[in-house]
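According to Swiss-Prot, the protein carries these features:
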- 1-21: transmembrane segment (TRANSMEM)
- 39-59: transmembrane segment (TRANSMEM)
- 64-84: transmembrane segment (TRANSMEM)
- 94-114: transmembrane segment (TRANSMEM)
- 124-144: transmembrane segment (TRANSMEM)
- 171-191: transmembrane segment (TRANSMEM)
- 196-216: transmembrane segment (TRANSMEM)
- 226-246: transmembrane segment (TRANSMEM)
- 252-272: transmembrane segment (TRANSMEM)
- 286-306: transmembrane segment (TRANSMEM)
Amino acid sequence: MFASISPYYGVSFFEFFIVFFSRLFSGKLFYDHLYIDDIQVIVFFAIAVSCSIIGTFLVLKKMAMYANVVSHTILFGLVCACLFTHQLTHLSMQNLTIAAISTTLLTGASIHFIRNVFKVAEEASTALVFSLLFSASLLLLVFLTRNAHVGTELVIGNADALAKTDIFPVFLVLLXNLGVSYCFFSSFICVSFDTVFAFSLGIRVKLIDYLMMFLLSASIVGAFKAVGVLMSLAFLLVPGLIAKLIASSVQEMMGYSMIFGVLSALIAPALSRSILSVHGIGLSTSGLAVCLLLVFYIGTLATVFVRRHILLQSKN
C-alpha cells in the first residue's frame, strides 16, 4: 500500500529529481508528509555536509588513519552500549553519543599510552589499538548479539529503515559541527597545518584536538544508522581528499568537499529508486553513495593528472 501512494513509485532517475524538487518548491515537503525517499535525501544531505566540515580538517591534519581507526573502534563502544542497556535494536541518541565519545577518547588515550610507555612508533601503537578494539567488537557482535540485527545495522547501516525521528539527530550534529567550526575556524586551521606554530600563538592545541575528536565521534554517531559505522569513513574523508586535489584555500576545500558530498547524497537515493523501478533490483543506498564518492575521486584524480600532463607538454 505504501508503494501505491508514494509519488516516487516507478519513477526513473531524472523523474526522481522532478518529483522531489516539485514537492520541495510547492510546499508539499512537510514533516508529516515525508516518504522514505524524502527522508533518505534529507538525512544523507545533513550527513554529507556535517562530515565534510570535520573531514576537511582531518585531511589537512593528516588524521585520515586516526579517523579510520576511530570509525572501526567506535563499534566497540556502540556494542558495549547495546549490551549494558539491554537494547540490542534501538539505542537513544544520548547513549550512542556517550558511547562514541568514550570510545574515541579511549582510542586516543590508548595510542598515546602505548607510544609513550613502550616507546614504539605511533603507527605501531595505532595498529595495535585498532586490532585490539575492533576484534573485540566483532567478537561481541558474533557471540553476544547473534540473534539480533544490530551487527549488520551498526556495520553497514540500513537507509531503508530511516524514519522521521532520524532527521533531528543528524541536523543536531550538523548544527554542532557548524557552530564549533565557526567559533574555532582559525584555530582549527592553525592546528591542522602546524601545531608548534599554533602553540606559539597561545592556542590550546590539546583543547582543539579534543574538539576535533568530539566532532568526529558525533559525526560518526549521526551517520551510523544511515550508512553504518564503517561506511561513514567514506563520507568523512573522500570528499575532503577530492577537494584537496582542486582547491587552493581551506575555504575552497571545504566548499568543494560539501559539493561532492551533497552530490553523492542526492544521486544515491535517486539511483537506488530508479534501479528498483526499472530493473526490479534493490541496492543499498548507502553503498551506492560510497561508490559514487569513489567514482568522483577517481574522476577528479584522472582529470588533475591529465591537466598536469598537458601543462608539462605545453611547457616542453
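Numbering starts at 1 and runs along the chain as it is shown here.
Cβ from N, Cα, C; glycine included.
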Contact call for the transmembrane segment (252-272) against the transmembrane segment (1-21), three or more Cβ pairs under 8 Å: yes
Any contact, the transmembrane segment (196-216) to the transmembrane segment (286-306), with at least 3 Cβ pairs under 8 A: no
Region pair the transmembrane segment (64-84) / the transmembrane segment (1-21), three or more CB pairs under 8 Å: no
Tertiary contacts of the transmembrane segment (1-21), as residues 6+ beyond its ends and Cβ separation under 8 Å: 35-38, 41, 266, 269-271, 273-274, 277-278
Surrounding residues of the transmembrane segment (286-306) on its own chain - C-beta under 8 Å, 6+ positions past either end: 44, 156-157, 159, 226-228, 231, 234-235, 238-239, 241-242, 245-246, 260-261, 263-265, 267-268, 271-272
